[in-house]
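First the structure, in the form of structure tokens, and then the observations on it.
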Amino acid sequence: MINLPEFYNYNIVVLSNLIAVIGFYVTLTINEQIVHSIRRRTNIWLITAALSTGLTTWTLHFVSMMAFSVPIPIQYNISLMFLSMIPAILAAYAAFYILYKISRHWWTFGAASIIISLGIALTHDIGMMSIIIDSDIQYDPFYRFLAISTAIAASYAAIRFFYYFTQKRNVRLKIIASLLMGSAISGMHYISMYSADFYVSGGFVLPEQNQPSSDMLVVLILLPAIMIFLFITILSFLDRRTAIQLAYTDDLTNLPNRRSLKQFVHARTTPLNLPIALVIIDIDNFKWINETYGYESGNELLTEFASRLKKAIPENSIAARIEGNKFAVAIPGTFSHQEIRTLLTKQFSSLLKSFHAFGEPTPITFSAGVALAPEHGSNCNILILNAEQALRHVKNNGKNELVVYNSNFHNQDKERHIAMSFQSALENGEFYLCYQPKFNLHTGKIDSAEALIRWESPVHGFVSPAKFIPIAEKNGFIFDLTKWILNEACRQMKIWQHDHHLIERIAVNISAPMFLSDRLIEIVKYTLQAHDLNPRHLELEITETSIMQQFDNALNVIDALKKEGVSISLDDFGTGVSSLTYLKMLPIHILKIDKSFIDDVHTSYEDKALVEMIIQLAKLFDLTVIAEGVEKVEQLNVLKELGCDYIQGYFISRPERAEVLNAHYGRREYKS
């Protein structure tokens, strides 16, 4: 038996690998659609991804075979050749089904990689069976095992990247995953080919040249592959376009949705400050309608209402369904309160005709709130908020009416709306901390900072702490908020400690309800333990008011916190009525002089004498003194002369986010 020599056209080898990488890049693009398309299309995209994977595997195999030749002619059984595509497609579908329909664990990644590798191996084997050649083919079992193992390992790595990519949507990871999966099937094929030996009988005479494969077979393989790749790519593009359209359209009524409404209003108000009327409409008693006639009839009513609303609005306007039974209309133009009421009463008259969604004529009513730009705000979110406040007023006072927003009447609801927004604001990351440095007058360096809560709401805009903190105290949200502030401040302090930052202690304000509750001590202990933070790095600021409410209880809380190693600071000293009486009884560490005493300390002899007295009193009790609200160098010089320990205020730094403070804390540092 003669072992035939084997030859490769390396240009075609490179082409086969390029096809594999491009094919799996297309597959990854389809994987995006599986994750981010609407649920009912998931199976379509699973099938499409399987087709892409199977076709890529099949094309690589046969294009690679075009690169391979031996000194005798090679032909192919066309039926078997196309049949070999099926195992790769079915295996790919099973693998993707496991990945996207079953909870992901290490074993699901392993199962998917094994299944897809076996599919690749079977495609290769059937492809080899399709070869018509006048020789015997024998395989080395070791290299066959190595080929399958290589495919499993590379597939596993690629599939892990698949999953990571779908979460991160990172093009670099997408390319890496394509290269890995291309390596899996390419490695599988070429190692398998290396394991194959072609034998002919001993009397066979070798020709002088090898026998290249037919060019027509190359065309036969590449043409359908290219056409299907193009089809899949176009399908992916169309689905993405559809997804974008769905993102701006309500699925039930085909009206624009809230996102589309905001885009329409924002384009006219924010950059151009054009006048516009925004109307929020709510179908009255819709919950009762759903419960009485059923949800299907309720949906029919919404669809018919949407159709009438779309026909009722002026030509240059937009009607949208923003949620449930709530719709909105935006009408560009300048209107007085009476003009918009007259216009809407006329335009919306068709909405009051009986509906036939319930098998019989049924009248309905609706309530509406109107906000006008720029009178009631030039920001889209503010307009929506004010229109909804007017609507809420209607719903609370009899319904079935159209009301234009009036700040004198409707702002009473704003506090309630802020309170209702707290939990979602916390969950959505709308709260953040700023840090105001404290400057040590003895060392000439910043070594501590106060954490200050801020809230940037997409609905209310920037909400001052002076506005939302009292509301949080009244409705009990202050407990969750303080817990979040403590956790975030300790997390940041741990980072600074790890980075050897100049800031060695961080102060957190504690409100009266939180300070006097039983939960504070446990929350502080838990937070310090969670971040492995030494208590000496944490300072809690309390006010005189919170102490005076329950003095004995306050003493117990301060004692307990002091035993834990946490510093206690008395904030706004001098504003309470019993400061001097109780000061000697409080086991505190730090005294903060209120800004009202500092404002004129450099110009008023009386204020200077009062501040000097407070500093001397604090020294008598061995307390550290911090002066708040220092904005001028003259104030700083007086405080240094009087023996103050620390200053805090705009002269040193405004409250800044941690990253800004990290970059700039040394720039305005006062040097003694």
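Just so it is clear, glycine is given a Cβ too, placed from its N, Cα and C backbone atoms.
Those TrEMBL annotations? Automatic predictions, nothing curated.
Remember, it's a predicted structure, so these values are computed and weren't measured experimentally.
For the domain 'MHYT' (8-199), the model's pLDDT averages out at 79. Marked as domain 'MHYT' by TrEMBL: 8-199.
According to TrEMBL, the feature transmembrane segment maps to 12-31 (among others).
Residues annotated as transmembrane segment in TrEMBL: 43-68 (among others).
Taken from TrEMBL, the feature transmembrane segment covers 74-99 (among others). Nonlocal intrachain contacts for the transmembrane segment (74-99), taken as residues 6+ away from its ends with a CB within less than 8 angstroms of a stretch CB, comprise 31, 34, 46-47, 49-55, 57-58, 61-62, 65, 108-109, 111-113, 115-116, 118-120, 122-124, 126-127, 129-133, 159, 162-163, 211, 213-214, 217.
For the transmembrane segment (106-133), same-chain residues at least 6 beyond its ends with a Cβ under 8 Å from one of its own Cβ atoms are 53-54, 57-58, 61-62, 65, 70, 72-81, 83-85, 87-92, 94-96, 98-99, 147-148, 151-153, 155-156, 158-160, 163, 184-185, 188-189, 192, 196, 198. What TrEMBL records for 106-133 (among others) is transmembrane segment.
The transmembrane segment feature in TrEMBL is assigned to 145-163 (among others).
What TrEMBL lists as transmembrane segment is 175-196 (among others). Counting only same-chain residues 6+ beyond the ends of the transmembrane segment (175-196), those with a CB under 8 A from a CB of the stretch are 6, 16-17, 20-25, 27-28, 56-57, 60-61, 64, 68, 117, 120-121, 124, 128, 137-144, 146-148, 150-151, 153-155, 157-158, 161-162, 165.
Residues or ranges marked as transmembrane segment in TrEMBL: 216-238 (among others).
Under the heading domain 'GGDEF', TrEMBL lists 274-407.
Feature annotation from TrEMBL assigns domain 'EAL' to 415-669.
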DSSP-derived helix, strand and coil totals, residue by residue, for the domain 'GGDEF' (274-407): 59 helix, 34 strand, 41 coil
Within-chain partners of the transmembrane segment (145-163) [C-beta distance under 8 Å, separation at least 6 from its ends]: 24, 28, 31, 95, 99, 104, 109-110, 112-114, 116-118, 120-121, 173, 176-177, 180-181, 183-185, 187-189, 191-192, 195
